[in-house]
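Enquirer: Input: one structure, supplied below.
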Amino acid sequence: MEYHWILLCVSLCFTFHPGDTKPTITPAGTYVVVSLNAPLELQCQGEKAMQWQREERPKVRGETKVDGKSTLYIPKAHPAHMGRYICLEETSQERASIYIYVKDPDNPFRKSMVSNILSREGDSASIPCLATDPSLENLQLKTCSSKALASGLHFSPSLEQGIIIHNTQKSYEGCYVCTGRLKETNVRSHDYHLTVRPVPVAPPVIMMQAPKRVILIRDESLYLTCNTTNVNGNIKLKWVAPLGSQPAKVDGSSRILTENFTQARSATLHIAAVRIQDTGRYQCEAENEKGVSTQSVWLDVFEKGFMYSNPVNNGTIQVRAGESLLLSVSIEAYPMPRSASWSFMGRGLHNTSDHVITTRSHEYTYSSELKLVRLKMSEGGVYTFQASNGDASVNHTFTIFVISKPEIVSHEGPVDGQVRCVAEGFPAPQITWYYCEQPYARCSQQVNATQEEQNVITVTLFSPLFGKTEVESRVNISRGRFSTLECVATVEGEQAFTLFSISERTISHDLFSPLLIGSVSAACILCLILIVLFYKYMQKPKYQIQWKVIEGIHGNNYVYIDPTQLPYDHQWEFPRKNLRFGKTLGSGAFGKVVEATAYGLANEDSMMTVAVKMLKSSAHSTEKEALMSELKVLIYLGNHINIVNLLGACTVGGPTLVITEYCCFGDLLNFLRRKRESFICFKLEEDCHYRNIMLQREMAGDSLNGYMTMRPSAAGKPSSSSSSEKRRSLREGSPYVEEDSESEMFDEDSLSLDTEDLLSFSYQVAKGMEFLTSKNCIHRDLAARNILLTQGRVAKICDFGLARDINTDSNYVVKGNARLPVKWMSPESIFECVYTFESDVWSYGILLWEIFSLGNSPYPGMPVDAKFYKLIKEGYRMDAPEFAPSEMYQIMRSCWDADPLNRPPFRKVVERIEQQLSDTTKHIYLNFSSRVPVMPRGREESSTHSMASQPFNSAGNNSPPSRPLLLHHEVFLEGTEPFRVQRV
């Protein structure tokens, strides 16, 4: 027992020796509060060497050591000295600590250089809002906007550590402040912005910029790139090459995306010259905290190029005449074929409406299809597909036999007791003979008919390899008791027949009975009524687009593009729900134009006034097709400042709606008539003062079918000083015209009209027609009623036929079975129904006469009758309108030349009118035409694709017989930069 007490005493001596005692800090306590700029002294006493540390920092300034005691002295304390100070016994690592507060009356929270807090999702985030006074109470975390904290956010407040947010989530991101109460006063820290970086939840996704299989020829270069992203930078990306392949160079790149600090990595494997042994699987591996992802590419290296064909159809095909047949060939090739063609019996085939050739390629597969539309007998034969890529070639042949119906081509008899029947068809017709007692009846369909098989001689007269086989059959007549003999030719289940009368018999019948006569008469009357109704229906005018786009010229004949065949780009589609309709701008027999507000047309927050074309609810399918054709033509033409441009369309989920620019001043004709009283005339050759022009009653009324003006017309005399100043600023470029007052500058209804305005209208219409001509487009109804005006008195050419009732419009005269604007038509259009670019030039001359007569009707006082037509043929032309300068009348006369070839093209007209414009007007037009047009969202890119159109010289064309404008699939949208104006 005494032995145990001795062991216990010894162990206690070793356990509680003086060197293991904990250091002591003076002053005592858990914390010390020091005033701002006051001295601070801390002493640490221990058995051995002591050292001061501050929050794990190994060194602290101001420390002195003497005989196992370490003193820390700070002469002027400030908030930067706040924190936990640790006294460490260097040998035993025993420690004691104390927290120092430095009271700052102006800053209840220590100022921090850190305002942006970055944390990983799932980690804890520390907001370093340290209190300078331990008496601060109710330390809380709030958002800077005083909104409620995010759902699920938990935090721990501490005067020494600030606020610790636990398990941070992406939804916690935002601005936070620390608040508390100090001496009955609410205090708050400065703002802290918390950013939470997400952590991956799955292995990375690899995007490969290469097909699953890559084929190369020896010594070609190999580039394989794989990409991946990760929410942080802890990701690895590498390539693994197959065994036996040559060393490959791998280039890597890394960048941080602005979205959520996502890091994007890419790795590119490069072999400058591949070898056969490089064939194999190349694997890209990406690794993050959640695992590894792989994507692989198989590389095949060949000595030279190859081609392997795989015909979809059998080599020999039979098809009925009139049916269509699709021949398909699929090729695996590398490189892709340089040449591929179809031929028929050794003659090359081209893409036509009867032979439609379609080619497709994907990676290393090339396919070609030949569609034979409604095969004819003459199209039976051998079709061959050939392709080559320089290293290899393929040749595949299809043998096509066209099955035709049987046809009795000749028959004779009975002659000398024998009848003869000749039939043709493919395959060779099978001829059979039948006897029956019924006269003039098909014996083969009778129950008691007899088939003749013994006395029949059948021979083949003609049997080409491809085409109809001609077969002759003869039969000896030996059965006098039968009255009818039938020859039946059969091919593939189809029959043709002819009947022979064996003996002449008088058969009584009541062919012309009263009942039969009455039935035939009623049928004839009914047919006559149907013919009349059909004629009346065909005479009824139908809606069609006036603008015609030329595809080619054959001699002096035009070939127009079928607008139904033009493509419709669905990027022009606009949601119906974003349209709010207003008043009707114009209404006609077929449809109407309605003012509407489009929301989100240019951008998501935009609101734009537009004009919407639509058909009436009673529209027929042909009229719906015509409106769709007009939409496709507008897409094809593209944008120009002097035509009414397309903005969008609604073709899905309801009736077709065509959305175009809204022209606030209506049509030019009514605008000119409305401005007559305030017109200011000045001519180059004489002085002319302000005039009031009395409205002629027959011209003063607004057109019944015109485009409604959406701004109030000026009343009284608008020649006030303010109008003069506005006009002067518009013409001379004074500082009155500001970008911020653009709407005020364009309030043109309050301004008068002068000769410079008329020249501007003439110039703008000529520019628009020059653009349409460059697109090989003929207008066919160019007149002031089809010119609209918008802000800034910008003239825009349109086709307003949809909203005009030509049956009630006196400008359209009945000629044949159509209503035509005869007074605007050229002689060749009136007498020969020929519409050309030059006929549009003639109509433009009439339009000039309308402009400089301020809206008078052409050929005033002359009805359209036989005398009118005679005068036009004899060369009668109108005199100069009252307000036309001499040069403008000379342009009119040149437009009215009897020889279409002598009429100036619109390019020359533009040059001549531009010489008469003032520099101010030119400058204004250049400003307008150089502006970027308002394009709907998503159309800018699509509008960059254009079809290269080359204008034709229409009249008296001496070119080769055919000059196609559109080659098969080369129909695209009009390109960008339609608003650049070249100055002459």
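Glycine too: its Cβ is placed from the backbone N, Cα and C atoms.
Per Swiss-Prot, the features are:
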DISULFID  Cys44-Cys87  disulfide bond
DISULFID  Cys129-Cys178  disulfide bond
DISULFID  Cys144-Cys175  disulfide bond
DOMAIN    203-300  domain 'Ig-like C2-type 3'
DISULFID  Cys226-Cys284  disulfide bond
DOMAIN    398-498  domain 'Ig-like C2-type 5'
DISULFID  Cys421-Cys487  disulfide bond
TOPO_DOM  536-984  topological domain 'Cytoplasmic'
MOD_RES   Tyr558  phosphotyrosine
MOD_RES   Tyr560  phosphotyrosine
MOD_RES   Tyr690  phosphotyrosine
MOD_RES   Tyr707  phosphotyrosine
COMPBIAS  711-723  compositional bias 'Low complexity'
MOD_RES   Tyr812  phosphotyrosine
MOD_RES   Tyr925  phosphotyrosine
Enquirer: Fill in the CA-CA distance, Cys421 (disulfide bond) to Tyr560 (phosphotyrosine), as an integer in Å.
Expert: 49
Enquirer: If I take every residue in the topological domain 'Cytoplasmic' (536-984) and average their pLDDT values, what number comes out?
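Expert: Here the predicted model's pLDDT, averaged over the topological domain 'Cytoplasmic' (536-984), is 74.
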Enquirer: For Cys487 (disulfide bond) and Tyr560 (phosphotyrosine), determine the Cα separation and express it in whole Å.
Expert: 50
Enquirer: Under a three-state reading of DSSP, tell me whether Cys226 (disulfide bond) is helix, strand or coil.
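Expert: The three-state answer is strand.
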Enquirer: Specify the count of other C-beta atoms within 10 Å of the C-beta of Cys421 (disulfide bond).
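Expert: Other Cβ atoms found within 10 Å: 28.
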Enquirer: Write out the long-range same-chain contacts of Cys226 (disulfide bond), meaning residues 6 or more apart in sequence whose Cβ is under 8 Å from its Cβ.
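Expert: Spatial neighbours, sequence-distant, of Cys226 (disulfide bond): Ile206, Met207, Met208, Gln209, Leu237, Trp239, Ser266, Ala267, Cys284, Ala286, Gln295.
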Enquirer: Specify the nearest of the disulfide-bonded residues Cys129, Cys175, Cys178 to Tyr560 (phosphotyrosine), where nearness means the distance between Cα atoms.
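Expert: Ranked by Cα distance from Tyr560 (phosphotyrosine), first place goes to Cys175.
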Enquirer: Which of the recorded positions Cys144, Cys175, Cys178, Tyr558 has its Cα closest in space to the Cα of Cys87 (disulfide bond)?
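Expert: For Cys87 (disulfide bond), the closest Cα among Cys144, Cys175, Cys178, Tyr558 is found at Cys178.
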Enquirer: Going by Cα-Cα distance, which of the recorded positions (Cys44, Cys178, Tyr558, Tyr925) sits nearest to Cys144 (disulfide bond)?
Expert: Cys178
Enquirer: What count of other C-beta atoms do you get within 10 angstroms of the C-beta of Cys487 (disulfide bond), across all chains shown?
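Expert: A count of 25.
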Enquirer: Using a 10 Å radius around each Cβ and counting other Cβ atoms from all shown chains, which of the disulfide-bonded residues Cys87, Cys175 yields the largest count?
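Expert: Counting Cβ neighbours within 10 Å, the top one is Cys87.
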Enquirer: Tell me the coarse DSSP state (helix, strand, coil) of Tyr925 (phosphotyrosine).
Expert: helix
Enquirer: Let me know the DSSP-derived helix, strand or coil state of Cys421 (disulfide bond), please.
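Expert: Where Cys421 (disulfide bond) sits, the three-state DSSP reduction gives strand.
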Enquirer: So for Tyr558 (phosphotyrosine), how many other CB atoms are inside 10 Å of its CB?
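Expert: Excluding its own Cβ, the number within 10 Å is 20.
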Enquirer: Around Tyr925 (phosphotyrosine), how many other C-beta atoms are within 10 angstroms of its C-beta?
Expert: 22
Enquirer: Could you count the residues of the domain 'Ig-like C2-type 5' (398-498) that DSSP puts in helix, in strand and in coil?
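Expert: Across the domain 'Ig-like C2-type 5' (398-498), DSSP assigns the residues as follows: 3 helix, 65 strand, 33 coil.
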Enquirer: For Cys44 (disulfide bond), identify the closest of the recorded positions Cys129, Cys175, Cys178, Tyr558, Tyr925, judging by Cα separation.
Expert: Cys129
Enquirer: What is the Cβ neighbour count of Cys44 (disulfide bond) at a 10 Å cut-off, with all protein chains included?
Expert: 26
Enquirer: Quick check on the disulfide-bonded residues: of Cys129, Cys144, whose CB has the lowest count of neighbouring CB atoms inside 10 Å?
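Expert: Selected from the disulfide-bonded residues Cys129, Cys144 on minimum Cβ neighbours within 10 Å: Cys144.
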